[in-house]
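Heads up, the thing below is written out as structure tokens.
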Amino acid sequence: MENSSAASASSEAGSSRSQEIEELERFIDSYVLEYQVQGLLTDKTEGDGESQRTQSHISQWTADCREQLDGSCSFSRGRAPPQQNGNKDNSLDMLGTDIWAANTFDSFSGATWDLQPEKLDFTQFHRKVRHTPKQPLPHIDREGCGKGKLEDGDGISLNDIEKVLPTWQGYHPMPHEAEIAHTKKLFRRRRNDRRRQQRPPGGNKPQQHGDHQPGSAKHNRDHQKSYQGGSGPHPSGRPTHHGYSQNRRWHHGNMKHPPGDKGEAGSHRNAKETVTVENPKLEDGPGDTGHSGLEPPCSPDTLTPAASERPTPQLPGGPEAEIKHKDTVLPERLRERPKITLLQSSKDRLRRRLKEKDRDEVAVETSSPQPSKMDRLMEILNIMRNNSSDVDAKLTSFMEEAQNSTNSEEMLGEIVRTIYQKAVSDRSFAFTAAKLCDKMALFMVEGTKFRSLLLNMLQKDFTVREELQQQDVERWLGFITFLCEVFGTMRSSTGEPFRVLVCPIYTCLRELLQSQDVKEDAVLCCSMELQSTGRLLEEQLPEMMTELLASARDKMLCPSESMLTRSLLLEVIELHANSWNPLTPPITQYYNRTIQKLTA
């Protein structure tokens, strides 16, 4: 009995304890569950707050970066705010700010040549303005990254880091840099081609550049009428190979041209490489076959009557070589020289250059829509045109007369138009007209500047230059001449040249070299303008000068060009090789005598 009662009591006690334990566990579980629910809600609320703060911070940072980027890029492109233009129509001013931008460029304001940025971006002449792309930043799931709950596409990939961070557009290579790199690559490729062509198939032997035996193969056929008829080396002792491939440039590989073309191109090669030649050689006339190669033996102009002025140089190889040389030359002397026809304005410029200008032979027309006010001004212009002495005093009197007679914007425009038309129609007057425009640049009537009207006229003719070339060649050449003279003479208030004119001038000079209508006149105009403004143009934009001189070399080496064209282009190339410094008197005399004989 006692045992059974004790067992029942212990079982009741155990069951009561187990019930208490179960109730305690349920109680603890309920609290734990409540705490877990509250904790999750708190974590989620805090996470959302952090995400919102992060997103707002990123958005603000992105906006600030965009503002800085837009501001820096706008001024890095060289454009100033429109408030800098002080003229009344927002397309005219100048001297107060010296801000220029041509409407041939893609500018934001559509300004004319009379607006210039502090740093003109010449690359706008070739490309469009690139705008900075604005990409929103993706949302960053901080909670997912921290708890290992990252889903595909929600995180940041190092490969796509530029999608997250703001992209700086200011250091990307510009298109003009790619063009320059491509041009350099082409130059290197052409140089390698020339070097490969100069290597003989059997190794470098002196016989290739020296003696040409009559019994040799194809090489002898190419050079059988070289400078000594194939009997001896070059009179000047220099190799006769050229550095340009005519087969590649002009497709003359079929041997249908005269066999002296290779000697001709070789002499041009020697002329390009030996700029500093001894003065006695430079004094020789164009009939000297040992000179720099302006006149190849295959041309009818090869032996001009310069042999009568000086004794014939002794040729290597003895009297036999000299007799052979004379036998080769005499039939060519009997040929008639092709006549070179130049425009009257080109002849006038040549006479002025050669100090043979006749000041009384050209009559200047005097047409004025307002005779009462313009007669005196036209008279002063005619005096300056016919008599180039004491120009400064005449310029001063013209300015005083213009200030006294100009009382309206229309009258100022008439004065500018009169000077412009006279300078364009008479190229010999272009330099004097440019000096006059430089002195009157600050002249202003009713808020309109003299310089603004002048540049607007230049810009207008530049836009229609193709029609001008087809309709009136004289006016086309006169416009280019006056444009270059204005660039070389006029200066801003800070003493800087008008950089907005650089690209238009390069364009016009390139078109002169490519002209097929009046070749000699166009090349003469290009040559004389490069001699006067070449240094300044190269300082402003050397890459385009390199391209222009490459075109000049190609044209000079083209067999179809005349002797006058080659002489003018060679003089420019030699002047550039001398860093645009004046050539020595013997070299200058040589070119002057050559031009006189070729244009006689």
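Keep in mind that glycine also has a Cβ here, set from the backbone N, Cα and C atoms.
Straight from Swiss-Prot, the features:
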MOD_RES   Met1  N-acetylmethionine
COMPBIAS  1-18  compositional bias 'Low complexity'
REGION    1-305  region 'Interaction with NCBP1/CBP80'
REGION    1-20  region 'Disordered'
MOD_RES   Ser18  phosphoserine
REGION    43-62  region 'Disordered'
COMPBIAS  52-62  compositional bias 'Polar residues'
REGION    134-154  region 'Disordered'
COMPBIAS  139-152  compositional bias 'Basic and acidic residues'
REGION    175-370  region 'Disordered'
COMPBIAS  183-198  compositional bias 'Basic residues'
COMPBIAS  258-272  compositional bias 'Basic and acidic residues'
MOD_RES   Thr289  phosphothreonine
MOD_RES   Ser299  phosphoserine
COMPBIAS  321-339  compositional bias 'Basic and acidic residues'
DOMAIN    378-579  domain 'MIF4G'
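Within 10 Å of the C-beta of Ser18 (phosphoserine) there are 10 other C-beta atoms, taking all protein chains into account.
This prediction places the mean pLDDT of the domain 'MIF4G' (378-579) at 89.
In terms of DSSP secondary structure, the compositional bias 'Basic residues' (183-198) contains 16 helix, 0 strand, 0 coil.
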